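*Asks:* So TrEMBL lists these for the protein:
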- D264, D266, S267: Mg(2+) binding site (BINDING)
- 380-440: domain 'Alpha-galactosidase NEW3' (DOMAIN)
Amino acid sequence: MLEIDLRGDLYADKVHGCWLGKNAGGTLGAPVEQLYGRPEPLDVRWYPELREGGIPNDDLELQLIWLLALEEVGPALTARDLARYWLDHVGYNFDEYGMAKANLRLGLEPPLTGSHNNWFADCMGCPIRAEIWACVAPGAPRTAARYAFQDAILDHAGGESVYGELFNAALESAAFVVGDRRKLVDIGLSYVPESSRTAAAIRAAVAGFEAGLDRLETRRRVIAAAPHHVAQYSPINLGFQVIGLLYGDDFGDALCTTVNCGYDTDSSGAAVGAFLGILAGRSGLPEKWTAPLGEQIATNESWGGVRGLAGLVPDTLTELTERIRAVALRLNGQVVRTPEADLYADSSIADLWNRSPTTVVHSGPDVHVSVAHGDGPVVIPGQVKELTTVVRNTRRVPITVRAALAVPDGWKAPGRQEVELPAGASATLTWQVEAPDRTVLDVSNRLFLSLSPAGRPEPPAVPIVLLGASAYRVSGQDRSWREVYATGNAVPVDPGVRYLQTFAHAPRAVDAWLAVEATCAVRLWANGALVAEAPGPREIRPCHRGTPGSSGPVGLREGWNEIRIELVRGEGAPPAECHVLFATDDRFRAALTELGRTRFPWDLTRR
């Protein structure tokens, strides 16, 4: 039986070491982080830049917010709770952060916030947030992984990154009671589906190490096992973490080995620093690497990367350690005891892998209901969207439930349904929802499912948000236009499409940032003025910030604004991938979710 005393010095030493090690690895890697992966490794041997408290990093900052959520919500914390803290305190809109925040602002709940319209669901935004769950569930990887899953689906549901956070959380939790690095990797791997690209990259790192290959050859094999051009692609970086953990001769060598693999260097470096910090404890970390950083926690609150945290989160690593200890005691009691076999994943973890990234679960006092959105929450004008709800009786007596789906004005409501539920039983109710035409369809459409249990108090209606598809016109060389609909930022463009036209209705004049990320050469105009043009073909990362040449400032006037795009492809070129994104023209690049994108200006004149 393995155990750790949460009131003891060893636990506190390991928690402190976790965060100090994470700070060291993140500070080493942050200045050399890449946007696109490169075939050649780096050559970093010491901090490229030093500041008191280290370089502020979302890897650590976001977990301060999760600590606050744990303190205020308690052990029953879910993704839905974390979503509210995200909206309150996170200013960042990088990549998947911006996609998830846009989905939240449109009214979606997790896991839809992470799965819908998220090109970056396989990136590193959530594996970097695993330490908090390991520290509050030390020696209990299954518990840590369950919390990590709730975190991950907020902005990565359905993506490889969910597995990356499960791996990190499980390995780090186990590291409180297991000292063998190779065994820790096996424990972490048990939390990852064997068929995943994350597992393939990690196994490539392990195989290279066990075969006696040098670090560079093992790095090449990790990249070959899960190739991707974006540096933040999580499977590759999880493999690099394992290279650093297994090949590193000591703390500094492990950090440099990891960071020199390249790609998302602050994230992978920070993770390995946390791994080794837990293993060695604060007392076992070398002063050479830790003394320059100090005890203070540096954040980006001064410019709004995170916000509203002054006086709410720890200022020092010592305070962070003690507040984590208080939460861990609340969750676990004084001593955590775990049989070694229970460090590995069981069927409850496999159940997490199999959860639908488009099904939202709502809990009630009498019945629980899950709402399955099929391939996503978007509706296209005139088409039928099928919603499948599973209603479960949570009581010990039979309940009769009368169900009705209320729809917005101008929509056709499906018929009411009634179901008899024996104690503990479930029933499936299917709803055929016909989307209205463009004149009625909005960007965000609120429906409400009422589940009235006969003879019992009336519960609140369950909100269901359906998003309206964005309306486009496309044409080829002959300039004959046809209408298409985009269910996200990606526009459906077949090989014959050369021109795209869409309209954005602004409720007021706004300084916007327009990004068009296309795999071919592109030119874009707003209200007749050229905004940007970029050569092609090229690899893309379609975030709200865009990339130089294919994005630029646009002054959107109140009312209708026309956007025209030309895709330029050579003869025989493959179909283009094209994404259109509107954001604020400031350092935050927040999605402009208030823009009307579901109709054309002439639609309203035809009503």
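Each Cβ is built from the backbone N, Cα and C atoms, and glycine gets one as well.
Nobody curates TrEMBL annotations by hand; they come from automatic prediction.
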*Asks:* In terms of DSSP three-state secondary structure, what is the assignment for D264 (Mg(2+) binding site)?
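*Replies:* Where D264 (Mg(2+) binding site) sits, the three-state DSSP reduction gives coil.
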*Asks:* With an 8 Å cut-off on Cβ-Cβ distance and a minimum sequence separation of at least 6, pull the same-chain contacts of S267 (Mg(2+) binding site), or say none.
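*Replies:* The answer is G26, G29, E33, D59, M124, P127, I128, Q232, N237.
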*Asks:* If you count Cβ atoms within 10 Å of the Cβ of D266 (Mg(2+) binding site), leaving out that atom itself, what do you get?
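*Replies:* Step by step: centre on the Cβ of D266 (Mg(2+) binding site), count other Cβ atoms within 10 Å, giving 23.
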*Asks:* What are the non-local neighbours of D264 (Mg(2+) binding site), defined as same-chain residues 6+ apart in sequence with CB under 8 A from its CB?
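*Replies:* In sequence order, G29, E33, Q34, M124, A231, Q232, Y233, N237 meet the Cβ cut-off.
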*Asks:* Given the Mg(2+) site residues D264, D266, S267, which other residues of that chain have a Cβ within 8 Å of the mean position of their Cβ atoms, reported in sequence order?
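*Replies:* Once D264, D266, S267 are set aside, the remaining close residues are G26, G29, A30, E33, D59, M124, I128, Q232, N237, Y263, T265, S268, G269, A270.
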*Asks:* In the domain 'Alpha-galactosidase NEW3' (380-440), how many residues does DSSP assign to helix, to strand and to coil?
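*Replies:* The breakdown for the domain 'Alpha-galactosidase NEW3' (380-440) reads 0 helix, 32 strand, 29 coil.
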